[in-house]
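Enquirer: Shown below is the structure under consideration.
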Amino acid sequence: MFDLDEWIATVRKCKYLPEHQLKRLCEMVKVILMEESNIQPVRTPVTVCGDIHGQFYDLLELFRVGGELPSTNYIFMGDFVDRGYFSLETFTLFMLLKARYPDKITLLRGNHESRQITQVYGFYDECQTKYGNANVWKYCCQVFDFLTLAAVIDNKILCVHGGLSPEVRTLDQIRILARAQEIPHEGSFCDLMWSDPEDIESWTVSPRGAGWLFGSKVTTEFSQINDLTLIARAHQLVQEGYKYHFADKNLVTVWSAPNYCYRCGNVASVMKVDESLEPEFRIFSAVADEDRTVPPSRKRSEYFI
C-alpha cells in the first residue's frame, strides 16, 4: 500500500518520488481526470491561479497566501512546468493534491502541458537529469493529455489558460472537443491554449505562431452568448500580478509566478471568488533566496527564453 499524505509530505520538501511511485501516481490521476468534462463545473468559493512554471518554492508561498487544501478550493489554469528549476516536483505535488483531494483542486491544461513544448523549455531535460531516462516525462505527458480544458465557476466565470477561438462561439463547442491528445498546431483546442487579448475589436494573427489575438468586441459577444460575467485566463506575464482587459473589464489575466524566471521582478496574484462572484486579488512576492534552493547545475539564464 501507499500513503498519499506521506508522499505529499515528502514532495513538499522539494523531493521527487521514485520512478515506480511516480508511475503509479500518474495512473491514479489519469483515472480521476478521465471522469472530468472538458469544462469542469466548480462552485464558489474558489481561488483561481495562473502560471506556475516549476517555481516550486513560490507555489508553497501561494498556498500560504491563498490557503491550504482541503480548506481552500483551487483552480489552476495550466503551465505547471518548464522554465523554473523544479517542474518535476511542482507537477508531482499537483498530481498528489489531485489524487488526495480530487474535488478540491481543478487542473486545467496550458500550452506547456505538451510533449513538443516541454522538450524545448526544460521539463524533458529535468526528468532526464533526475531519473536518468525519459520514462517519467512520458508518464507525465500522458497525464497532460487528460487535463481538462476549462472550468466554469457557478456557470458565470469561465477559466481557460489562453483565450478564445474564432471557431468557438458556445461553451458546448468546447464540451465536445476530443481533448485526450497532444495539443494540435491549429484549431479551437490550440486556440484555447495559446490565444491572447489585444486592444483590437475582432481577431488578428498571433505573433506567438499559434492561437489568435482577440479583442473587446468578440469577448463581449462570447460572454453574452454564454451568459458569462467574466473570463479569467493566464498565459501572459503581468508585472502587477493581474490585469483587467477592455473597457467592460470582462476579461482578466491572473499570473501566479512571482519574479518570473527568477529575474523579471514581477509580483504574482491569486483570484479569490466567493458567492458574490466579485473577485478579490491577493498579491504575493517571490520567497527570499535564502528560503529556496537552486540546483547546482543550473545557471539562471538557461531557462529564460
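We count from 1, first residue shown onward.
Glycine residues also receive a Cβ, built from the backbone N, Cα and C atoms like all the rest.
Sharing the record's features from Swiss-Prot:
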- His112: active site, proton donor (ACT_SITE)
- Asp51, His53, Asp79: Mn(2+) 1 binding site (BINDING)
- Asp79, Asn111, His161, His235: Mn(2+) 2 binding site (BINDING)
Enquirer: To the nearest whole angstrom, state the Cα distance for the pair His112 (active site, proton donor) and His235 (Mn(2+) 2 binding site).
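Expert: Approximately 10 Å lies between the Cα of His112 (active site, proton donor) and that of His235 (Mn(2+) 2 binding site).
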Enquirer: Measuring Cα to Cα, how many angstrom lie between His53 (Mn(2+) 1 binding site) and His161 (Mn(2+) 2 binding site)?
Expert: 13
Enquirer: Is His161 (Mn(2+) 2 binding site) helix, strand or coil when read with DSSP?
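Expert: The residue in question, His161 (Mn(2+) 2 binding site), is coil (DSSP, three-state).
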Enquirer: In whole Å, note down how far the CA of Asp51 (Mn(2+) 1 binding site) lies from the CA of His161 (Mn(2+) 2 binding site).
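Expert: Cα-Cα, rounded: 9 Å.
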Enquirer: With an 8 Å cut-off on Cβ-Cβ distance and a minimum sequence separation of at least 6, pull the same-chain contacts of His235 (Mn(2+) 2 binding site), or say none.
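Expert: In sequence order, the residues whose Cβ lies under 8 Å from that of His235 (Mn(2+) 2 binding site) (at least 6 apart) are Gly50, Asp51, Met77, Gly78, Asp79, Gly110, Asn111, His161, Gly162, Gly163, Trp194, Asp196, Thr253.
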Enquirer: What are the other residues, in sequence order, whose C-beta lies within 8 angstroms of the center of the C-beta atoms of Asp79, Asn111, His161, His235 at the Mn(2+) 2 site?
Expert: Asp51, Met77, Gly78, Gly110, His112, Gly162, Met193, Trp194, Ala234
